[in-house]
Amino acid sequence: AASKRRLRGSNPNIAAPHQLFDDTSSGTGPLAAEYPNHGSPALGIPTQAFLSEPMSNFAMAYGSSLASQGKEMVDKNIDRIIPVSKLKYYFAVDTVYVGKKIGLLFFPFMHQDWEVRYQQDIPVAPRFDVNAPDLYIPVMAFITYILVAGLALGTQNNFSPEILGMQASSALAWLIVEVFAILLSLYLVTVNTDLTTVDLVAFSGYKYVGMIWAVLCGLLFGKTGYYLLLAWCSISIVFFMVRTLRLKILSEAAAEGVLVRGARNQLRMYLTMAIAAVQPLFMYWLTYHLVR
């Protein structure tokens, strides 16, 4: 027995009689250095044990490929519904153009040349031609109109976010109805024109400039000032729309000043006059309740 005890003490690699396997839970066994302890992140397990580097690279490459394909598909569908690339043309404006265009909207009677200039069958940018339609002025005028409407409602002690939201929704809804009505009329009359939906939105949105000044004048000078300025802006927008749309809707002979003949040309002339005539009606309908 004493010799056995001496043998165990002299050789530490000999396990106890009743121990079948070495205890490696403490990481101090002979295989601890070769097989490190791995586990979950909460228990000290690194993630690399479950997701090797080649697999992670493949997953990242596949994900980026799916993202690029999805972005390309979205861009194609959006450009099909809304020509985003063409919208840049309508916002190519500068300060000089904006000033000239607003002056043209208020004083169109002194303007002589209404032809839109082209360069290689492509209309030049609005900043180079005051006759070109743009979306910058209509969009900014619509937003300013909503702000002025909120100011007018505040002076009447009738302001609330809900009422202002209804005012904006109503103005936008009437604009959409107007554009769709014009498109339907052009289809029924079978007018072969280069007018686009964006062009009609631009032309229909120019009336908000006169509406803003009419409401502001009404706030300063009462209903008398409102009606006077609204009448002037109505006459100006009617003249502007007739001189602009006649080059787009009427035939080439009518655009050159030749006497309009034929039932179809007469119908196109009436359509042009009708589009111009509804502008003052919308201007009054959207502003009369803002001046008390």
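Every residue, even glycine, has its Cβ placed from backbone N, Cα and C.
Please treat TrEMBL annotations as automatic predictions, because they have not gone through curation.
Per TrEMBL, these features apply:
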| type | residues | note |
| --- | --- | --- |
| REGION | 1-22 | region 'Disordered' |
| TRANSMEM | 135-154 | transmembrane segment |
| TRANSMEM | 166-188 | transmembrane segment |
| TRANSMEM | 200-221 | transmembrane segment |
| TRANSMEM | 227-246 | transmembrane segment |
| TRANSMEM | 267-286 | transmembrane segment |
Checklist entry - Residues sitting near the transmembrane segment (227-246): Cβ under 8 Å, six or more positions beyond its termini, same chain? => result 104-109, 111, 114, 131, 195, 203, 206-207, 209-211, 213-214, 217-218, 254-255, 269, 272-273, 275-277, 279-280, 283-284, 287
Item to check | Positions on the same chain near the transmembrane segment (267-286), where near means CB under 8 A and six or more residues out | outcome: 145, 170-171, 174, 178, 182, 185-186, 189, 191, 204, 207, 210-211, 214, 230, 233-234, 237-239, 241-242, 245-246, 249-251, 254, 260
Checklist entry - What residues in the same chain, six or more past the boundaries of the transmembrane segment (135-154), come closer than 8 Å to it by Cβ-Cβ distance? => result 87, 90-91, 93, 98, 101-102, 126, 160, 163-164, 167-168, 171-172, 175, 198, 201-202, 204-206, 208-209, 211-212, 215-216, 218-219, 286, 290-291
